[in-house]
Amino acid sequence: MWDTIAANVASYGKDLTQDIREIVTGVEREEEESKAIAPQDEDLEAYVIDLERSLIRKKQEVDDANKKIELLEAKLKQIEQHADDLQPHTERLKSLDISEDAANTALTDAKRDIERLELDCSQLRARLANSDDFDKSSGIVAKPTESDNDELEQAAREGVASLAQVLTSEDLNGAAIDPLPGKLVKYISLVTSRLIASEVDTKALKNTLHAFLLAQNERFESQAFSLPECKLKLEGILQQRRDSLQRIARLEQTNSQLEQRVQEAETARREWQHAHTDAMNDLKTTQEMLNAARDASKADKDDSIRKLQDKLQQMQRNTLHLSEELEATTQELQETQAALAKQAETLKEEMEDSQHAIMDRNIVLERKVYELTDELARTKEAHDNERVQWTQHVQVNTSSVTEAQLFELTTRLSLLEADKNLAEQDADRLQTELANLNEVLIQFQHDRVNEEAQWRAKVQALEIAATEKQQDTSNAISLEEHKTILSALAKKEEDNERLREALERTTVQLLADNDSVDKRMVVQMMLQYHESSNKTDILEVMGRILGFTEEDKERLLSHPGRIKGIPMLGSIFGATPAPSSVDVSGKSFSDAWADFLLKETK
């Protein structure tokens, strides 16, 4: 287009120069001069009209360039918003490094204490087994003879000395006034309780570390728990986080470069618009001069024609300069569009990564619910079996119990009672963890719906941007990418359905295992129903667990401030007595697990 304009300007300049020469030489007559002037004036008017049209077209191109710049600015704002969204994840990744080191240190110390206690207990059992006081066939302690008293007393003293090495000063002061047999029995019970507590702590640390690695998409190659393998997994996770931080830094640098390019393009656009305004003013001035030249005399025409020639040359130079600026601006816009397309691909990849992470979290959560349910059932069954066995054993041996045997059986009974209390505490803790996990599932489902709505909004924004970009440039998102995004949304909906089915299976399993519901669980669900804004979802879960009818649900929804007329609640509260409350200092494993899941879903 600009080449055509330049050719027209050159042609008009040649014709105008020829006419000026004929006027100066005076060869033609006055009549011929008057006849020649009219066509020349018509050519000048046509040239002015062409210039006006070209300026109008250039103005339209400037408007299109402004629209493209506005679209680029909108894209940059979206990129900045995405960088702000990634900032909390970066800070959380940095904070997790400290917790990993602390967990590894605690796990190593616990394993060392357990090995030392097991070694001491094995030595003590060996010493007791070497003595001739235990009848292996009947399992009853025989009465020692007078010749074995010295050896028994020496073995008892050695056992007390060995156990005193692993006990604290407070425990030793409490048993200082007891006789030697009582002191030995008391030391054995203290060491056994410490060994059980250490095993429980070690198991909790292993479960926490295992759950954290599963949440980070790490899988163990072997079934056994290995501390070196966990260290390797943690080092790999740390390297991935460092790579993510470097990637975020590169994205921020690219964002700043794009902002700088947009500012430069905006400056060039303003300069070009200013030059366009000057050209329009020059065009008006030229037209006014042409009108004045028509009315002027022949003597003044020479000067006017020379001025017109100078103006034409100046306009040609301005036109070439504006053409170069337009080409540079167009090239810069193409580069910016390519950078934005690359940024869109990066955002799409991050969306896919987020979808995979959400699926893995759902799998870990479902697996944890099943593990806790199985562990609760196994603990109750083992406790009942052990209690029945020891009851039968006591009934069989009651007739032949001596004073020493009665003391030993009393000691064992106290140990069994302690184990029973510990098992009851574990059962209560598991019940509380199930209730907490149920609340986490409800909150996670609500967050999942919000996150899905956000992703749908992002996809709609990308589709609108792709439609606008397809009208301006050829670098638009293809139809296959739209299909990929839609398939990803369909896959996310399938994941939601699978999560709902897992929640229903867990609810059915809880109802099948227990015909009665704990009072504390009912109280927690009622408080959650009144405090939460998602009353419909929580009411659905309560209805499945407590057996609400549709009429009960409608009555609850019609009177949200009070709960009356539900016959199931009375029977539930009177079905079974609630177990005694368990005082646990600090955060339990269930609380830490719930906090971890809530942080991951935000």
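The backbone N, Cα and C atoms fix where each Cβ goes, glycine too.
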Among ranges 482-509, 538-565, whichever one TrEMBL labels coiled coil: 482-509
Stretch carrying coiled coil according to TrEMBL (options 168-202, 413-447): 413-447
Average pLDDT across the coiled coil (234-357), rounded to a whole number: 75
